[in-house]
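For reference, TrEMBL has these:
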- 7-16: compositional bias 'Low complexity' (COMPBIAS)
- 97-254: domain 'Sodium/calcium exchanger membrane region' (DOMAIN)
- 292-435: domain 'Sodium/calcium exchanger membrane region' (DOMAIN)
- 1-33: region 'Disordered' (REGION)
- 70-90: transmembrane segment (TRANSMEM)
- 128-150: transmembrane segment (TRANSMEM)
- 162-183: transmembrane segment (TRANSMEM)
- 203-221: transmembrane segment (TRANSMEM)
- 233-255: transmembrane segment (TRANSMEM)
- 287-311: transmembrane segment (TRANSMEM)
- 323-350: transmembrane segment (TRANSMEM)
- 356-381: transmembrane segment (TRANSMEM)
- 393-411: transmembrane segment (TRANSMEM)
- 417-436: transmembrane segment (TRANSMEM)
Amino acid sequence: MSSIITESSPNLSLLENGGGGSDKPTAEMSRRVRRTVSTSSLIRQRSDLKLIARVRWEFLRRILTNLQEVVLGTKLFILFPAVPLAVVAHRYDCPRAWVFALSLLGLTPLAERISFLTEQIAFHTGPTVGGLMNATCGNATEMIIAILAVGQRKMRIVKLSLLGSILSNLLFVLGTSLFLGGISNLRKHQSFDSRQGDMNCMLLYLALLCQTLPMIMRFTMEAEEYDGSAVVMLSRASSFVMLIAYLAFLIFHLFSSHLSPPPPLTQEEEDVYNDDVSDKEEEGAVIGMWSAIFWLIIMTLLVALLSEYIVSTIQDAADSWGLSVGFIGIILLPIVGNAAEHAGAVIFAFRNKLDITLGIALGSATQIALFVVPVTVLVAWIMGIDMDLNFNLLETTCLALSIIVTSLILHDGTSNYMKGLVLLLCYVVIAACFFVSNSPSTDTAKANHTITKR
């Protein structure tokens with residue numbers, strides 16, 4: 001759930017600034033920096049502070065201003081009541097399916113607000129530190145859910161949720177954006193910087209290799225010889241490799257000065273970027289740094305609480321609704337949890353700003369594959385739990401084909417609604433596959449993943 005676009009694609013702002021060589025941006029750089037407008041700004045609401053300004057006490061006025069900006073400053077504030085309702089439903093033993101549904105709804109505004117607060121902190125810390133913060137906190141919700149599920153030794157839920165987030169960004173978010181963006185810009189040429197797609201797809205192929213080899217090793221071993229230790233060791237080594245690749249990716253884009261600047265803006269691009277420039281795209285921080293940090297901690301704790309509810313009730317919800325855990329984990333959970341991010345990607349595609357759309361979709365998928373997944377494996381190791389990167393044959397095949405299709409569609413740097421439709425149809429087929437498939441029993445899952453505690 002990325003916030004500032006530089007989180008998921010730091011190269012956008014760095015490329016636009018020529019690698020950071022000058023302190024005073026030119027007019028061209030200033031125009032291009034607008035492409036880094038955050039997703040949260042698209043769904044923010046204007047805060048009317050006239051009544052709050054009449055409050056005499058400055059301390060109380062600051063508190064009310066923060067509440068106005070953080071709680072009511074988003075169009076998703078109508079979903080905030082789901083948070084206390086989920087707590088009440090869990091406290092008074094309401095049907096667990098209701099607890100799951102309310103927790104899922106409550107995560108949507110909380111995740112968006114975490115992106116907003118991280119953006120506010122980035123305003124105070126500068127672009128480099130802000131980019132690094134967003135690179136680690138952009139998918140905080142997925143990481144929290146994964147770590148809590150690891151603590152409960154529900155490895156299948158961990159892998160399904162992480163895989164679902166990757167597939168959702170590659171096929172659903174990107175597909176919807178390209179499809180609707182192509183329809184709304186039929187008379188305009190749609191193009192983007194293909195270097196961004198090439199870089200992200202290359203890293204996704206590396207992540208795919210690190211997840212495929214443990215699965216292949218599992219199949220090459222005899223049943224009587226397999227105890228899971230070799231696969232777990234390979235998974236941990238691969239996790240370090242993925243983290244090194246992700247760190248190198250950040251360094252390359254945040255600190256490289258040899259990158260060539262993009263070509264000048266065309267007149268058509270000038271018109272597109274100038275006709276919808278508003279104050280909200282150029283405004284600075286609306287709350288102080290320490291206030292943002294305080295609210296970020298509060299929101300993160302609430303996300304952790306609701307994530308725990310989701311992990312503990314997902315099986316009951318699946319049984320109650322007649323759905324498989326695989327369908328809920330791979331399809332339903334990512335769609336609802338990343339709703340704000342999905343909406344931002346689509347809106348940018350409508351505005352023919354496909355570079356930002358790709359930064360949201362591909363950047364988030366890359367972050368999950370190369371950062372969240374290996375961190376989860378290593379955290380499980382620290383907790384004394386053996387977690388491997390064997391996502392099973394069906395899940396790994398879906399991931400591999402999704403990455404291949406996405407890379408083929410993006411390789412030429414152009415877009416149209418047909419490309420988006422193909423990605424959406426691929427997602428529909430995968431959703432149908434997990435809808436008709438049954439979630440394996442606990443014994444089968446344990447046999448497949450060999451989860452043991454040291």
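Using the three backbone atoms N, Cα and C, a Cβ is placed for every residue, glycine included.
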Please identify the stretch among 233-255, 287-311, 393-411 with the greatest number of Cβ pairs below 8 Å relative to the transmembrane segment (70-90). 287-311
Positions whose Cβ lies under 8 angstroms from the transmembrane segment (393-411), at least six residues beyond its ends: 159-160, 163, 166-167, 170-171, 174, 178, 192, 194, 197-198, 201, 204-205, 208, 211-212, 215, 330, 358, 362, 419, 422-423, 426, 430, 433, 437
Suppose I define contact as three or more CB-CB distances under 8 A, residues 6 or more apart in sequence; do the transmembrane segment (417-436) and the transmembrane segment (203-221) meet it? no
Helix, strand, coil: count each for the residues of the domain 'Sodium/calcium exchanger membrane region' (292-435), based on DSSP. 121 helix, 2 strand, 21 coil
Contact set of the transmembrane segment (323-350) with the rest of its chain, CB cutoff 8 A exclusive, min separation 6+ beyond the ends, reads 1-2, 38-40, 42-43, 76, 104-105, 107-109, 111-112, 115, 141-142, 145, 156-157, 160-161, 163-165, 167-169, 172-174, 176-178, 180-181, 184-185, 310, 314-315, 317, 356-357, 360-361, 364, 395, 430-431, 434-435, 437-439
Residues outside the transmembrane segment (162-183) whose C-beta sits under 8 Å from one of its C-beta atoms, at least 6 past its ends, are 139, 142, 146, 190, 204, 329-331, 333-335, 337-338, 341-342, 345-346, 348-350, 352, 354, 357-358, 360-362, 364-365, 368-369, 372-373, 376, 391, 395, 398-399, 402-403, 405-406, 409, 415-424, 426-427, 430
